[in-house]
Every structure is written in structure tokens, then in C-alpha cells.
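Colleague: Take a look at this one; I'll ask things after.
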Amino acid sequence: MSKGLFLIWLISSFHLISFSTSSKDTSFVFNGFGQSNLALDGSATLLPNGLLQLAKDSQHQMGHAFIKKPIDFSSSKPLSFSTHFVCALVPKPGFEGGHGITFVISPTVDFTRAQPTRYMGIFNASTNGSPSSHLFAVELDTVRNPDFRETNNNHIGIDVNNPISVESAPASYFSKTAQKNVSINLSSGKPIQVWVDYHGNVLNVSVAPLEAEKPSLPLLSRSMNLSEIFSRRRLFVGFAAATGTSISYHYLLGWSFSTNRELSQLLDFSKLPQVPRPRAEHKKVQFALIIALPVILAIVVMAVLAGVYYHRKKKYAEVSEPWEKKYGTHRFSYKSLYIATKGFHKDRFLGRGGFGEVYRGDLPLNKTVAVKRVSHDGEQGMKQFVAEVVSMKSLKHRNLVPLLGYCRRKGELLLVSEYMPNGSLDQHLFDDQSPVLSWSQRFVILKGIASALFYLHTEAEQVVLHRDIKASNVMLDAELNGRLGDFGMARFHDHGGNAATTAAVGTVGYMAPELITMGASTITDVYAFGVFLLEVACGRKPVEFGVQVEKRFLIKWVCECWKKDSLLDAKDPRLGEEFVPEEVELVMKLGLLCTNIVPESRPAMGQVVLYLSGNLPLPDFSPYTLGIGSFTPVVVDAASLTVSFTSRNWSAPSASSSSANNSKDHEQPLEFKS
């Protein structure tokens, strides 16, 4: 069914655009803009009827639309092109009109430094006239700017690296019938044709109403060498538009372009979309609104006052039920947390961890905490949730982020932990703005997290499976000690028993291959820790798609380096020469051992601690040992992903913003039913 719909759509929209390329020329035509061959930014948008709208009905806007791929103007022959487009500039009722529209040729489509208003969305005050701009444009301008030597508010101009046109003229076209130039109002809201032809170092610009033929005499004709403007011949072509205090709707209806002397593909006016006409408000409606406004305002004021009263009354309200009495010593008041975070103000926002937002809070006696706000529902699930929060508070280890307690409101749970001033480890590994961690600092962090996992698996009152070990869940305290946090996926079970998990969770790249079929165990935590070891030593994420294929999967790449007797080639290049080769090799080999796809071949965390401390040598294995260096990513259909509160998932707040939230390349935790 979906394939049939796609074919119907493809056939019905094929008439909108046609591309033609050869080794000698490139041409295309848009009869309406119903395809995705354009790169849009700013306020530019495609309307359902095929219109390309460059500027919206707001002040100080700019929009750009360019062909996605640059056009290769052959360097073996003089630069040449012809283009024909139809546009309409429709002033917003009550305004005189915006700052017009430009046809642009540029080596880049990055106009983030450009300004709206008189700079047309392609120039700015600091780059005017700079040859480094490499910019050519034909402007249809409807605002007079005396600073730019413009004589009226209805003109056509040729711009080269500068909004001050090298040549301009009032908008008009040569009428064959009248044998003279006839004025044309660019802001009439009616479709206008524009032709720009450049051949033999002569640039011709013509305009005409939609119903007229191409004028036999151009409006502007200038001898110029465009090849001197552009340092390269791969150039983008497209359009820009801008508004200032005056506002217009800027529309493009169709566009034809060719690098040949003649347009090989002509516009079909019968296929062009219609230009909408903005409606002015009726005077009676305006009068009625003026009469009703005081009444409406009074009602709004009363509603606001009532809302403020209700809000203040409920501001510090909490939810407390009889079953929570036994947890009273672990509970914070909502008022204290509200004041500590300044009302959860955006200035106190640290980031988003698993299942909630994290804020910094300053409690009395100079106690700084991190407060995570987690949504919840269901009384039974909440009982289990709070019970596990309190159980987690009983865990005491120098390399765990300490959980201090909780607070509960209707539909919301607040978790309080110690604040970690140096943020998350992944920020220091992957953010170029953060200081580079030395090898000695990294090695101490690795040994600390290994010790914390050994404690969770062996020494705690119950076995704790973390299930989401990665650099973004390791926080750094004031002394840069590693603290394992964000226990949003954690599970508890008695020693000697098995975890009764009903869902496989984790982050892609860190999940053991057997997780879906066999469920979580301490040995799946070991696998994730192995990936974490490689992540820290190599300064790379477990899966990266923007690199060479052989380096895409970290586990496989490290193993391949070992096979070539060049294991140290995989280390983080930011370490420079300040590292201990034996320690780096130990960490990488241990990472490969922990990520063995044969679960029984992985070491326990007690052995890992001994390996890292040097009290136990690594077992005899090589990069060719069965299960070493194999990466089998856990893949799941998106439809089966769930995040279940009632399955007792909870998240202790990380004490600073995690770069998992700030990096688009970093995978988010996944949970799906096994």
C-alpha cells in the first residue's frame, strides 16, 4: 500500500521539476516547488500549493533557498548562464513592503552572519564591499536606502560583493506595442517575470508582467567579468529575501536555469501555483474589537489574579501518603528544593539525564545539590520507585554519585544527589572546549569506576545491575575523581539469585549481544564497562558514522590495530606523548577481553579490579582469540521501544549536564520488551 502511494505521489509531482546535466551544461526547471531539491533556511518554507515563501509576515526576518548541490561551471570555458523566474512581492496590509528579493550566486550557502533589512539577508555591515565575499546578486528592492545611493523604492540592481549596486534602474520593461519603457510596480502583489542572462562578459537583466513576453531590450546591460568575482567554479544558485520594519510576503512561483546560452527547459505558466492575497481586517471587526477589548482585558486580569492566588496556594503543595512514613528521614520538602533552585529557573538548568531535567540547587549551610524532576504515574509503581530510591541511598562508595533523598508532588518525583562541579566525563573526552584529561587522570577514573562496579555486583547488600555504563553517566567531582551516576536503568536482586528483568535496556554500542535473549546480568555490565574502557583510552564513541568504514566500530578497529602490532595507534591523539604505553595497552586489551561476545569468557569485576591495579596479569589471549574484536550491535525495531515507569526504572540525577544531551551523535538510552 505504501509503495503504491509513493508511486502515485511521484507521478503526480514529477511535472514540478526537471533536471538535466551533461559534461558541458546544467539546466533545471521548477514549475512550482513541490520537491526537496532546495536547501532552505531562515524563514524560507514550502507551502502546500507549491509556492516557495522566502520571508514570513514578521519584522526583521530573512530566508534563503538554494539548490542543494553546487553547480560546476566549467573552468575550461567562460562563465555563462541564463535564468528565468517568476516572483511576487505582496505587502502585508498596513505596511509599505519589505526589503525585496535577490537572485544570488555564491560559493557558499552559509549566510548565518548576514543581516536582514537593507542588507537583503546576504550582506552585513562589516563585509560590505569586501572582495572576499565572492557574491553576485540581482536585487528587486522595494525600500529606498539613501546610504546605498538608491534613488527610489522600486528598482532593480546588480550587486557585486556589496549592497551598493554597480548599476540600477527603476523597475520597468520595454513594451513592443508602446515602443517605450513601461513602469512596473514590484510591490503590486502580482507575478513578475525576471530574466538574468550572462554570456560573453555581458550581463543583461529584464523584467516584465506575467502576461508579457520577454522584452527585446533589457532593463540593465553591463559589461563585467564575473569570473574575477569567484575564486572557484563550483557555485550555488538560489534566492534570498529579507524584511525590516516594513513587511512583505516574498513568493517564488517558478524557476528555470541553464549554464547554456539558451534555456533548454522553459517555465510552464499553466503549472505555476496561485499567489494568495492577504485580507485586510474589516473596519467593523476592528471597531467591535476596540469596544470589546476593555471587557476582554478585565476578564483576563481577573483570571490572572485568580490564577496567581491559586498558584501561590498550591506552590509548595506536596503529595504524602501513609505508606511513605517509613521513608520520612529521606524526604526533602518541596519548598526547600524550590527555593534552592530559584524556582527551577533556567539559569540553574544543568541538562537532561534519563527521564528528567536536572537543576543545580543551593541548600542552607553551603550545601550544593543536583535536583532531577521525573514524571510518574501509578501508586503501586511509585511505591516500588521510592523503595528503590531509598535502597539506592544506602549504597556507600567513594566512586558513586551519592543520592541524598527525594520529594514527591502530584505527577512528579524529585531526586536529590550531590553536585559534581566538573560535569560528565564525556564532556572532557569529546568536547573541544573542555580541558583534555591526562592519561594518569583517565587511568585513576577507570580504576575508580571498576571499583564502584565491583562494589555494586559483590559488596552491596543486594546485587545492583547498573545497565547503562558509559562516559556520559560518569561524573567528575572537584578532584576529577570518577563517580558512577544516573541509575535510571538499575535493577536490584539478592545475591545468588537472578535479576527478574522483563525488559532489555541500555545504550546502542554498549549493550551486550546476549542482552535480548538472556536478559541483564553482572556480565552484561562487564561488557558495557569494556566499551567504556576503550572509549576513555581512544577518545572515541563506540559507534561513529562520520569516519572511515574501518574505524566506524570502536571494538573492531582496536582489534585490527592489535593485529597489525600497532595497538597504540588507537589511543586518543589528544594524549600526545604524555602516557604510559604499558597502561594504555593494558586498558585496551582489557576492553577487548570484557567485550568478548562469548559471555563466559568475560572476567568478573573483581578480576577487572585486579588487572587494572597490576595485582593480576591478563590471561593469555590474542586478537585472533574466539569472540575477541567482534561487534554485534543490538538493533531493535523502533515500534517496540518503551520507557516504563511501572517496571521500576528510575534515574538518580547526574550532578551536571551530560553531553549526551548536548551531542547529537551520542546515543540515548533505549528500553524495549524482550
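Glycine too: its Cβ is placed from the backbone N, Cα and C atoms.
Sequence annotations record features per position, and here Swiss-Prot assigns active site, proton acceptor to D468 based on sequence analysis. Annotation source Swiss-Prot lists ATP binding site at L350, G351, R352, G353, G354, F355, G356, E357, V358, K372, citing sequence analysis. Per Swiss-Prot, the feature compositional bias 'Low complexity' maps to 649-662. Residues annotated as domain 'Protein kinase' in Swiss-Prot, with sequence analysis given as evidence: 344-625. Feature annotation from Swiss-Prot assigns N-linked glycosylation site to N124, N181, N185, N204, N225. Taken from Swiss-Prot, the feature region 'Legume-lectin like' applies to 25-258. Among the features that Swiss-Prot reports, region 'Disordered' is placed at 649-674. Taken from Swiss-Prot, the feature topological domain 'Extracellular' covers 23-286, and the record attributes it to sequence analysis. Residues or ranges marked as topological domain 'Cytoplasmic' in Swiss-Prot (evidence: sequence analysis): 308-674.
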Colleague: With the cut-off set at 10 Å between Cβ atoms, which of these binding-site residues ends up with the most neighbours? Options: R352, V358.
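Modeller: Per the Cβ count within 10 Å, the most buried is V358.
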Colleague: Restricting to the same chain and to sequence separations of six or more, state which residues have a Cβ under 8 Å from that of N185 (N-linked glycosylation site).
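Modeller: When sequence neighbours closer than 6 are ignored, N185 (N-linked glycosylation site) has N154, A171 within Cβ distance under 8 Å.
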Colleague: Given a separation of at least six residues and a C-beta threshold under 8 Å, show me what packs close to N181 (N-linked glycosylation site) in the same chain.
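Modeller: Looking at Cβ-Cβ distances below 8 Å from N181 (N-linked glycosylation site), excluding near sequence neighbours, one finds S172, Y173, F174, S175, L219.
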Colleague: Counting other CB atoms within 10 A of each CB, which of the recorded positions N124, L350, D468 comes out lowest?
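Modeller: Output over recorded positions N124, L350, D468: least Cβ neighbours within 10 Å is N124.
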Colleague: Over the topological domain 'Extracellular' (23-286), what is the model's mean pLDDT?
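Modeller: Across the residues of the topological domain 'Extracellular' (23-286) the model's pLDDT averages 88 on the 0 to 100 scale.
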Colleague: Secondary structure at N124 (N-linked glycosylation site) (DSSP, helix/strand/coil)?
Modeller: coil
Colleague: Please report the Cα separation of N225 (N-linked glycosylation site) and L350 (ATP binding site) in Å, rounded to an integer.
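Modeller: With the alpha carbons as reference points, the distance is 54 Å.
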Colleague: Taking the Cβ of G356 (ATP binding site) as centre, how many other Cβ atoms lie within 10 Å?
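Modeller: Total other Cβ atoms inside 10 Å, all chains included: 21.
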Colleague: Please tell me which one of the recorded positions listed here (N124, N204, D468) sits closest to L350 (ATP binding site), measuring Cα to Cα?
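Modeller: The smallest Cα gap between L350 (ATP binding site) and any of the recorded positions is with D468.
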Colleague: Measuring Cα to Cα, tell me the gap between N204 (N-linked glycosylation site) and R352 (ATP binding site) in whole angstrom.
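Modeller: With distance taken Cα to Cα, R352 (ATP binding site) is 56 Å from N204 (N-linked glycosylation site).
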